[in-house]
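Novice: I have a structure here, written as structure tokens, and I will follow up with some questions on it.
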Amino acid sequence: MTNIRKSHPLAKIINESFIDLPAPSNISAWWNFGSLLGVCLIIQILTGLFLAMHYTSDTMTAFSSVTHICRDVNYGWIIRYIHANGASMFFICLFMHVGRGVYYGSFTFTETWNIGILLMFTVMATAFMGYVLPWGQMSFWGATVITNLLSAIPYIGTNLVEWIWGGFSVDKATLTRFFAFHFILPFIISALAAVHLLFLHETGSNNPSGVVXDSDKIPFHPYYTIKDILGLLLLTLVLMLLVLFSPDLLGDPDNYIPANPLNTPPHIKPEWYFLFAYAILRSIPNKLGGVLALVLSILILAIVPLLHTSKQRSMMFRPLSQCLFWLLVADLLTLTWIGGQPVEHPFITIGQLASILYFSIFLILMPISGIIENRLLKW
């Protein structure tokens, strides 16, 4: 008799995705972040659901309802802080996951990669709208500044912004629709993640060497399930350290001041995970140019497969490309730092140089290093 997990229609899908899935025998801890992102998404949906039970999406009561959750709801404070810091963990895992894809050449699975880019945009949109919901000073002004960027679109810009706002400024209509979108988007992300996995399982996973590993596969369970559980424990440890010891470490103190349209905060800045893109936006004096650079800072990932010139898939045996990759990481950290600084000398110049370097690495230096390494192989 066939095992039920191999015969039952539903169990069969789970079996082929998480149990009997043939996986390369040499994938490292960098391959853990996919499952960790799944865990983060589940944590965010569950904590978000409980927060939504007590939250009110009205400009008069939104701030008070968040305070009420923290003070009066049983364990409301921990649910709120798991949700807020869970978003930070989500982005840490996301950046590691994308970085792994760039380093080891996983982008050659173009369908999986493009769905991943779409997922990244959706997650960023969700996080942005979630940041608006507590209706603090940074929520209000962040929403005003970022939505206002759309007015840079020629001809339809102003109408588009007012359509998104639901009026002539960020107000009750904006908050209500942002709450509605923030609630529905995680479920869309779940569906996209399933499609992401579907495309991945068509080709099988990549591995650190970048070489086809069909001759040496092992079952996902128990080898990688146990490895994923270790990753999960470490994620939980870091998240709970954040939540229980310094829950506001990654937040902005201005968001504890209720939103006031008549008083602008001294430094308007988004959450830390958007600072690199915000720095690129600010480094271009022209509004439309800045918006284009902001979108391209993520969209540039879509042309990485087209600019892959090396004969080797992975960077494992390509020292020149490795140097460029770590230069890119350092550049992103620099941009993140600049995004949190005021717009004054020398930060403006550093931001502009870091932005130029960011695009140069992807568009010029990486393809050139691939060609040079191909030549070196012939020596």
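Glycine is treated like the rest: Cβ placed from N, Cα and C.
Pasting the feature list from Swiss-Prot:
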type	residues	note
TRANSMEM	33-53	transmembrane segment
TRANSMEM	77-98	transmembrane segment
BINDING	His83, His182	heme b b562 binding site
BINDING	His97, His196	heme b b566 binding site
TRANSMEM	113-133	transmembrane segment
TRANSMEM	178-198	transmembrane segment
BINDING	His201	ubiquinone binding site
TRANSMEM	226-246	transmembrane segment
TRANSMEM	288-308	transmembrane segment
TRANSMEM	320-340	transmembrane segment
TRANSMEM	347-367	transmembrane segment
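Explain the structural surroundings of these features, please.
Specialist: For the transmembrane segment (33-53), same-chain residues at least 6 beyond its ends with a Cβ under 8 Å from one of its own Cβ atoms are 69, 79-80, 82-83, 86-87, 89-90, 93-94, 96-97, 100, 182-183, 186-187, 189-190, 193, 228, 231-232, 235, 239.
Note: His83 (heme b b562 binding site) has non-local neighbours Gln44, Thr47, Gly48, Leu51, i.e. same-chain residues 6+ apart with C-beta under 8 A of its own C-beta.
Over all protein chains present, the Cβ of His97 (heme b b566 binding site) has 20 other Cβ atoms lying within 10 Å.
Counting same-chain residues at least six beyond the ends of the transmembrane segment (113-133), those with a Cβ under 8 angstroms from any Cβ of the stretch are 55, 57, 62, 66, 87, 90-91, 94, 98, 101, 106-107, 139-140, 142-143, 146, 174-175, 178-179, 181-182, 185-186, 188-189, 192-193, 195-196, 199, 270-271, 273-274, 298-299, 301-302, 304-305.
Non-local neighbours of the transmembrane segment (178-198) in the same chain are 17, 37-38, 41, 44-45, 48, 52, 55, 57, 112, 115-116, 118-119, 122-123, 125-126, 129-130, 132-133, 143; each lies 6+ residues outside the stretch with a CB under 8 Å from one of its CB atoms.
In the three-state DSSP scheme, His201 (ubiquinone binding site) is classed as helix.
Listed by sequence, the residues of this chain that lie at least six past the ends of the transmembrane segment (288-308) yet keep a Cβ under 8 A from its Cβ atoms are 98, 102, 105, 107-108, 110, 113-114, 117, 120-121, 124, 149-150, 152-154, 276-278, 280-282, 355, 358-359, 362-363, 366-367, 370.
Sequence-distant neighbours of the transmembrane segment (320-340) (same chain, 6+ residues past either end, Cβ-Cβ under 8 Å): 99, 102-103, 269-270, 272, 274-280, 282-283, 310, 347, 350-351, 354-355, 357-358, 361-362, 365-366, 369-370, 372-373.
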Novice: 10 Å Cβ neighbour count around His196 (heme b b566 binding site)?
Specialist: 21
Novice: Return the count of C-beta atoms lying within 10 angstroms of the C-beta of His201 (ubiquinone binding site), excluding that atom itself.
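Specialist: Excluding its own Cβ, the number within 10 Å is 14.
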Novice: Report, as numbers and ranges, every residue of the chain located at least six residues beyond the transmembrane segment (347-367) whose Cβ falls under 8 Å of a Cβ in that stretch; write 'none' if there are none.
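Specialist: Hits for the transmembrane segment (347-367): 279-280, 282-284, 293, 296-297, 300, 303-304, 307-309, 321, 324, 327-328, 331-332, 334-335, 338-339, 341.
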Novice: Using a 10 Å cut-off, grab the number of neighbouring Cβ atoms around the Cβ of His182 (heme b b562 binding site), all chains included.
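Specialist: Around His182 (heme b b562 binding site), other Cβ atoms within 10 Å: 21.
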Novice: To the nearest whole angstrom, state the Cα distance for the pair His201 (ubiquinone binding site) and His97 (heme b b566 binding site).
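Specialist: The separation of the Cα atoms works out to 17 Å.
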